[in-house]
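Worksheet: one structure, shown below.
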Amino acid sequence: MSPIAHLLNASTGTDSGSHLRDIHGHHDSHDHGSEEQAVSPLSPRSYPSPRSNSSSSCEESQSSAGVLANIHTGPASPHGKACVASSPLSTTGMRSASTPSSSDEDTVHLHRCQWKGCSLEFTSPELLYHHLCQDHVGRKSQKNLQLNCQWGDCQTKTVKRDHITSHLRVHVQLKPFACSTCNKKFKRPQDLKKHLKVHNEELSLLKKKRGPKPSNKLGKISNDRSRAHQRFTLPSISLDKFIHEEVKTQQPVYSQQLAEKMAIVLLLPVNNNNATSPPSASSASSTAVSPNLVSHHMVLPYQTQQRPLVGHGAELRSAVGFFNNLSMDMSRNYANNNLPTANLGPNPVPAPQSYPLIPKLPSISARPNVGAPPPVLSVFNRFDTHQTSPSSSSSAFYPQHYSNNYSLHQRTALLDAEANEDIPEKDNVSLEESFTSLNLSSEEQDLELFYETYSTVKLVKDYLLCELMEELDEFKEEEEEQGFTSFDEFSDSKECVIEGRIPSNKISLSKYPQVVI
């Protein structure tokens, strides 16, 4: 019996799908001679040994399988191949759905360590850099310090640990220091500090073009423009002084007073060499020290070293935290479009000018009597029926009372004023429009002041963070040189030297001034 006849006879009593699966399995694993035994629903499935004539059996199996596929899906169905592909023999094609493909594995970029004798892989450059610093470079306190680079073919030799850790950033694609203004990333804090000078120059030029906005807002506009320009080119407060005085008293929340104070703060030095630039008055006063004190009590080993703009230690960390929280507060206000209003008290609103109903032209009889009374001419009193003397209730004090002392021209002016009583209302409307335009201009000034302060805060925050990172690197270097294991031990030793409890020759603090007793 042929497979097609057997399928047509068994379609009424048995499941056609089970017969199709049996026939597919039979034609792929047996020859044409054993088809009838494999498709019989009553006979058990047998697996005879394959014959040598495999080419003819394969052709007959493929032809019968194609006929069965056409019967199952129709002769013109486009899914005929899909039905054959979904057979148990094609399970290898379903592997991409159940298992990750090679393209998915390629999306995860692994960073391989190329140090001599190491082949570990890491998912991020941060982990690779940490592995290099801890496992391969080591520490002097652990007696495994390696100052020679062994990355691939690199043969760089250094003399300090911070030098080799800084050199490793060349091999590792690590840029952890990002600029808050333009989102550009750098490998070292020194590179970010150099980049911040570009934004500092842009912000300084912007302040010079806009001029002193806090004085304009309070209504204290100065006529001397050169003095206002000098105020912004030579600020009255330095960044160090602002951190000493304002950070400890102010809250890290944006306000109008804080913005006006930061508008006159000297930011980063524009020139690369601070020795050539003239120091400001505030910096000179803050750094003025008696020469006797310097010569007898202090020894500064690094005279050519650039003086930092801010302090060290806890003060620097407090300043970084202040500007970081202030930047977060201003970013939330910027995202919510919620700018705080000025907290300077109620602004005095000028009262609208009251226009008189009649011209301020007093009558002849209302003039003060100095000396002899002037003669009263008859031409002014030809319409009068009674001659009255000037008193407190005359028309000079009560304009609405039309006295007989007014002349013809004054009475005509009174009638014209009564006919034009709606003129002051129009003037009031124009005044309200001018006040509205002033309010809009003040809102624009507040918005510009907010953006300017936000840029300044981000610039100062990045600079202070770089200063803190450099100080931490210097501390680690000194820690390695002196063999300290913790910051507390280092601080206790420094305090002992300053207080004179131990001789200063046992420990040398090159970065800090030494007290000579």
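Any Cβ shown, glycine's included, is placed from N, Cα and C.
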The annotated zinc finger range in Swiss-Prot, which must be one of 147-171, 222-246, 272-296, 372-396
147-171
The residue range that Swiss-Prot labels zinc finger, out of 177-199, 407-429, 476-498, is 177-199
Across the whole of the motif 'YPX[LI] motif 2' (512-515), what does the mean pLDDT come to? Round it, please.
51
Looking only at residues six or more beyond either end of the zinc finger (111-136), which have a C-beta under 8 A from one in the stretch?
146, 150-152, 165, 168-169, 171-174, 176
What is the three-state DSSP composition of the zinc finger (147-171), stated as helix, strand and coil residue counts?
11 helix, 3 strand, 11 coil
